[in-house]
Amino acid sequence: MSEWNIEEAERVYGVSQWGGGYFRIGEKGNVEVTPVPEDTSISIDFKAVIDEIREEGVQFPVVVRFHDVLRSQVASLNTIFRTTITEAGYNGQYQGVYPVKVNQMREVVEEIVEAGAPFNYGLEAGSKAELLTVLAMNTNEDSLTILNGYKDDEFMRLALLGRKLGRKIVVVVEKYSELLLLVKIAKELNIDPIIGVRAKMTVKGRGKWESSGGERAKFGLTITEIIKTARYLEEQGMAHCLKLLHFHIGSQLTDIRAVKEAMTEGARIYADLHKMGFPLDYVDVGGGLGIDYDGSNSTNESSRNYSMQEYVADVVYGMKEMCDLEDVPHPTLVSESGRAITAHHSCVVTEIVGEIKSNSASIDTEVKDGEHFFVKNMRELAETLDQQDNMQEVYNDASQYKEQALDAFKLRVLTLEELAKIETLYWHIMSHLHAYYANEEYVPEELQELDYSLSSQYLCNFSVFQSAADTWAIDQLLPVVPLTRMNERPEVNCSLVDITCDSDGKIDQFTVGREITDVLPMHKLKKDDPYYVGLFLTGAYQDVMGDMHNLFGRLNEVHIYSYDDDPQDFYIEEVVKGSSVEDVLSIMQYNPKAMASDMKRMIDRQISNGTFNPREAVRWNDFYENCLSGYTYLKP
Ligand SMILES: *Cc1c(COP(=O)(O)O)cnc(C)c1O
C-alpha cells in the first residue's frame with residue numbers, strides 16, 4: 001500500500017476539481033475555504049468553523065454560507081463579460097440579472113444586489129411573489145429587472161408600477177395572450193412598458209433540462225408569433241416598447257455546443273427583427289451556465305465541458321459575428337445565470353450519528369447434534385477456505401447453499417437458528433472473498449457487488465428531502481466529503497443514509513478518484529470525536545427546494561464573512577435559526593399551544609391516580625414543551 005498523504009486524499013475526493021477555486025484540502029487534512037480565489041492569503045479552516053459553530057451552541061445539521069464566495073461569483077461573471085467585450089471589440093454592454101428562483105433567501109439576494117451594484121447587475125423574477133420581492137429589493141435604477149413566467153392582470157399592474165418608480169422593468173411575453181393583456185393595461189394606466197419576447201428555440205439544451213427548448217417547450221413564442229407581436233405593437237403605436245429578445249434553452253447545459261447553437265439561432269432572430277424595422281436594444285441569453293458537480297469537466301449530467309470564460313466568449317463572439325455579418329448594431333447582452341452564481345456559496349454540514357453495518361452480525365456456529373446437513377456443508381466450505389484455489393467456485397457453492405437453505409426454511413425443514421447459522425457462515429465466506437479479490441486485477445462481475453453489500457451505511461443527521469432534493473428527485477450528484485481527517489487513510493467504504501423513515505433517504509452516488517461509485521471512502525468513527533461531512537455546492541436550488549418530509553424542517557444557518565485581520569480569517573456574522581417542531585407543526589395546521597395544554601391535562605390526571613408525583617408531572621410537562629420548541633433533527 002502506498003503512503004497516505006494530502007495528494008492521495010485529493011486524488012480520492014477531488015476537492016480542487018469541483019471546488020471552483022474556493023475549496024481545497026489543507027495541510028492539516030481539513031477542507032479549506034479560499035473565498036476570494038485571487039487572494040489565497042485568506043484561508044478558512046473548516047475545522048475552525050465547526051468549532052465556532054459548536055461554541056455558539058448552534059445545533060447541527062447547519063447550512064454554512066460563505067458570503068464572500070457569493071460576492072466573488074458575482075464579480076467573476078461580470079468582470080469576465082466586461083473583459084471579453086473589450087477584447088472582442090464588441091460595441092454593446094453586459095447587463096446581467098440574477099434569477100431569484102435559484103435561491104430566494106433574503107440574505108442571498110441582498111448580498112448579490114450589493115455585490116452587483118458596481119456592475120448594474122439586476123434581478124429576474126418568474127412569479128408574482130418573486131416580482132413583489134424584486135420590486136422591493138432591486139432599487140438600482142440603472143440595472144434591469146426582467147420578468148419571465150406566466151402573468152395575470154395583477155402581475156402586469158405590479159410591473160407597470162415599477163415603471164412609474166423609474167425602474168427598467170422588462171415584461172417578457174411568454175405567450176401571445178399576455179401581450180394583449182399587457183397592452184390593454186398599459187393603455188389604461190397610460191404607462192409605457194418595456195416589452196420582451198421569449199423565443200421558443202428549435203435548438204435543444206444538453207443535459208437533464210433539455211426539454212426547456214425545442215418545439216414542445218412550455219414557454220415562448222414561435223417565430224410566427226414573434227412577428228405577429230411586433231406587428232401588433234406597431235399597430236397599437238407601441239413598437240418602440242419592444243426592446244428585448246429572450247431565450248433560455250435549459251439549466252445546467254452540459255455541452256458547450258448547445259450554447260453556440262443557441263447563440264447562432266438567437267442572433268439570427270435578433271438581426272432579422274432589426275432589419276424588419278424592430279431595432280431591439282437587448283438580447284437576453286437566459287441561464288444554463290453549468291456547474292462541475294462531479295469535477296470531471298465533461299458532458300456528464302452533473303458536469304459541463306467548458307468554463308465560465310468559454311461560455312462568456314461564446315456568447316459575446318457568437319453575437320458579434322452574426323451582427324457583423326448581418327450589418328446590425330451589437331445589442332446589450334443580458335444573461336440570467338443563477339446556478340453558477342449561487343451553487344458554491346453554501347454547503348450543508350452534518351454529523352455522522354451512527355453506523356449501520358451490513359451483514360456483519362453473527363451467531364455461534366458450533367456443531368450441534370442432529371443439525372441439518374445444509375449447515376454442515378456451509379461450515380465445511382467456510383473452514384476450508386485456505387485450501388480452495390478456485391474462488392469463483394466457492395462463491396457459486398456458497399450462494400447455492402444459501403438459496404437452498406432459504407427454501408428449506410420456508411418448507412419447515414430448517415429451523416430459524418439453523419438458517420441464522422448458515423447466514424453467518426455465508427457472510428464470513430463473502431468477507432474472505434472480498435478480501436481476496438481486493439488485491440486481484442480481475443474481479444468477476446457478481447463479486448464486484450460485494451463491495452456494496454459488505455459496505456457500511458453511515459447515518460447522517462439530516463434529511464435528503466430537505467437538504468439535497470435533487471439527489472433524490474433527479475439523481476443529481478453533489479460532492480460529499482469528510483471535513484476533517486483527510487490526512488488519515490479512510491478505512492471504511494460506506495454509503496450515507498439520512499434520518500427520515502424513507503428508504504429513498506440516502507446518498508449512494510459519489511465521485512471517487514474521478515469515477516462514479518456507490519460507496520465513499522470514509523474514516524472509522526471514534527468515540528467522543530464527532531465526525532462531520534459536508535455536502536457541497538448546495539447553494540443553487542437545493543437550498544430552497546427542500547420539503548418537510550417526516551416533519552424535518554429548515555436547517556440552522558450560519559453566515560460567514562472572511563476577515564483578514566482575524567487569526568482564523570473569518571467571523572460568524574449571523575445565525576439564522578432553523579425550524580422548530582412548533583414551526584413545522586403550525587404549517588401542517590396543528591396548534592402546538594393547544595397540544596401542550598392537552599398533554600398537560602393528560603399528565604396531570606396521572607397525579608391523582610398516583611403514577612406521577614406533582615414534581616415529576618411538572619418535569620414531564622416541561623420536557624414535552626421543550627421538545628416542541630426544539631430543533632427537528634437529532635440531538636446527538
Ligand atoms: C431557471 C431559469 C434561469 C436560471 O437558470 P440557471 O441554469 O440556474 O442559470 C434563467 N432564466 C430562466 C427563464 C429560468 O427559468
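Cβ coordinates come from backbone N, Cα and C, glycine included.
According to TrEMBL:
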DOMAIN    93-343  domain 'Orn/DAP/Arg decarboxylase 2 N-terminal'
DOMAIN    371-451  domain 'Arginine decarboxylase helical bundle'
DOMAIN    581-634  domain 'Arginine decarboxylase C-terminal helical'
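Confidence annotation: the domain 'Orn/DAP/Arg decarboxylase 2 N-terminal' (93-343) carries a mean pLDDT of 95 in the model. Residue counts for the domain 'Arginine decarboxylase C-terminal helical' (581-634) by DSSP state, with H, G and I taken as helix and E and B as strand, are 40 helix, 1 strand, 13 coil. Residue counts for the domain 'Arginine decarboxylase helical bundle' (371-451) under DSSP, split into helix (H, G, I), strand (E, B) and coil, are 63 helix, 0 strand, 18 coil.
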